[in-house]
């Protein structure tokens, strides 16, 4: 079909041509009109835009509907803009109803590289004669009075024909040519058709009371279509005068659209010359008056006054036609009708409307809001998204434009309209808010919103614009519409890490799965473009070439880094991991950061003895017997895989047996001879425990047993090879090697300091000795003197006394053994009853006291138990029973515990406690500590004892006495020894009675009753009548407790009548 171009009158042609050229130069837009018939087959070509617009079509040219349109009605081919009928076809009656003209209007955009063009297309759908007229009813009854005048019109029901124009209803006639009636078909001012039965001659009911006629309705199609209906006319005999309107059959009224409700339009004063009820006229709207008119206008039934009942709107309807019927009330009332035409006068009461249609994206679904708005605009209806329908602007609109859009890109189509007429309906539009967008005229009442600059969503994500439309009325009305343009995100930003390098520290031996750190990257884009995921970049780690993914892992969502294995500082000290952050855009952008994982050392390696190599945890060093003191006899080398303080090694010799004769450099590992081995026989073995520890917290240690074997000869024994930088080789003349292995330089300031320190030490020791002696003498004077007993059979010099260990070893014969307590040599104190002159020479005492060297006491002693075969004092270890041990000799203190006596060693008689009792200083029965000595029971007793302490032959006659329950303390020793035999007080350890050997507890305290025999001992305790010799106990290595037969106890003479005779077998039952 060729396009229909209507250029108007010749006088307006130059003006239209000028306007067309101006529009083409600015917007490159044009209006094209086509026409087609309804019921055309789907696919029928209506026209081609490219040909009709004389456009050169290239490969990049495309035509697209500006708004989403119902493709079932019309289709636009994208390549050349060819318009065709859709699959559903075009039905004019369904699209436009009874409208005289049916036009489909829409906009098409032509895109190319050079420019884009907006084409306004109007397609007129022409009617075809596809519908025949039809009567509402097949039988139509009509009544007419016999007194009706010629020309009386009787309304008939109009046939309906859905076609319009020439194809619509054209004629309605009677089939009988000779009848007193004629049917006339008229068209009203509003376009509606009406049919009247016109009386051609007077009627006489008496001659013919009814007429049966046939109505024929015919349209103007080719060929024409027709329909018939039966018409029954009944002639009534009644009132012969009808009411008459003074205005005639037609009355016209003009009404302003802003007239208030209740305004009078017309006074219909109809008169009837008849009298009585035949002349009483009643007014009413005729049957053809539409319901809308009945709602807007009110007719008084008695007076005939026509008033305004509701507001009218010129833009909605500008003309109303009312049928008013006046009827009398006589029998067979007569009626007259009057047609009232109400014309509405326009005023400027409507503000302009603004409709914003964003550019629809290709392939947008038809259910989207943009598609619904476009379809509604194309069909000429109201905006589907507007709740108030047509004429109500939306509160705001939103468009979406990508941030990568070029300048002059189309954003939206703005359409303005005003329902007023004339100058009141002329609208102008403007855009405010930002210079990045501007408004460009498109065609009449329409504008294009285009970009005026490049956009960046990261800088401005949303533009708030304002559209203002104003008409030219007096006064003008204005509409302000907010408009939002949101910038769509594109993937133009790569993720960025907060730091290029992350430093992380982790201790070695971490558990697998341990958390290390979290890296964070930010992407300024939105949605998937800003969704950051993390991953490891593969690389080889260390010399082994393992993949970094076997060491650590990263959470793709959070960036948290976890260890997959336990790290070892000795094999891997730093792990460089490169993390890549990628977004979810297309194309994908990424960046990376370096994570340096530093492994911190832990003390997880114990020292390893390297040289000499141990055999089963033992070392053997041969030392010549004539080796000089401070000579390096061996060098110990060890290594530790840890570093720093964890790898710093310290050497120490512990548990040297039988005495301390060697020392080791704490840092160098050089073992020096510190004792004299010249008197040791070859083969003598000195054992020590070598402890090598590192500087960790806690430290790790390695131990080995070192055996020093004394060999014959004067040279040095084999030692570890000294390194070139060892202290022995690098010692300058005049210096000596210390125990720690460091070289000491004997310079003058050092000598002065040593001399001064030694002098001060000697002076302090002398002051302490004098004060101690004076204090002791004051106490002895205060007590009235010490009890001293002569030792019978004491021999001078160093001769062995009868009963001594040496004599027992030579086989001097059987004798009772004794319990001797060694004292510190040189203290000046002797046992009970023995003068100080009776003390053995220092050489003899030194030979018996362990740890003494060269006849000088070491300051330590031990509890020495003398047995039948040999003395075991050589293996006893020193132990002080009081906190002041080693400072001052302390006397033993005896305390009655309620069931047994216990002895302790204290510095003073009133200071035998080492802890607070919780009582006050003046409390009755105050005791500062538990002095029972129970902690030493199991250390002092190594094996079970059988029998009592001091049973004699007298016990068989007189029974057991108190002496049987306690050892001898005050009696003289009949068998002197070469040592100072300190008498044993009865206030010693709690006596123990034998128990079942299978029991776990091998002793219990014996209950000692207060007898006359023990009363003397108890009084001695109260008067502090005891020896001040220090008694030292040795818990680690106690000798065995003497048996009953081995204890020499003097006979105790019990007073007669003191005890009853024991029963037979009492001795065995104890």
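In case you wondered, yes, glycine gets a Cβ from its N, Cα and C as well.
Per Swiss-Prot, signal peptide is recorded for 1-29, and the stated evidence type is sequence analysis. If you look up Swiss-Prot, you'll see 30-135 marked as domain 'Cadherin 1', on the strength of sequence analysis. Here Swiss-Prot flags 30-749 as topological domain 'Extracellular'. According to Swiss-Prot, the feature N-linked glycosylation site maps to 70, 464, 616, an assignment based on sequence analysis. Under the heading domain 'Cadherin 2', Swiss-Prot lists 136-245. Annotation comment: Swiss-Prot describes 247-354 as domain 'Cadherin 3', evidence class sequence analysis. What Swiss-Prot lists as domain 'Cadherin 4' is 393-497. If you look up Swiss-Prot, you'll see 498-609 marked as domain 'Cadherin 5'. The domain 'Cadherin 6' annotation in Swiss-Prot covers 615-723. Among the features that Swiss-Prot reports, transmembrane segment is placed at 750-770, with the record citing sequence analysis. The annotation phosphoserine is assigned in Swiss-Prot to 1054 on the grounds of similarity to another entry.
Secondary structure at residue 464 (N-linked glycosylation site), as computed by DSSP, is strand.
Contact counts against the domain 'Cadherin 1' (30-135), taken as Cβ pairs under 8 Å, peak for 393-497 among the stretches 247-354, 393-497, 498-609, 615-723. Taken residue by residue with DSSP, residue 616 (N-linked glycosylation site) is part of neither helix nor strand, so it is coil. Taking the C-alpha positions, the distance from residue 616 (N-linked glycosylation site) to residue 464 (N-linked glycosylation site) comes to 89 Å.
Per-residue pLDDT, averaged along the domain 'Cadherin 5' (498-609), amounts to 90 for this model. Helix, strand and coil counts from DSSP across the domain 'Cadherin 1' (30-135) read 9 helix, 44 strand, 53 coil. When DSSP labels each residue, the domain 'Cadherin 2' (136-245) comes out as 3 helix, 54 strand, 53 coil, counted as helix, strand and coil in that order. Across the range of the domain 'Cadherin 4' (393-497), the DSSP-based residue counts are 4 helix, 56 strand, 45 coil.
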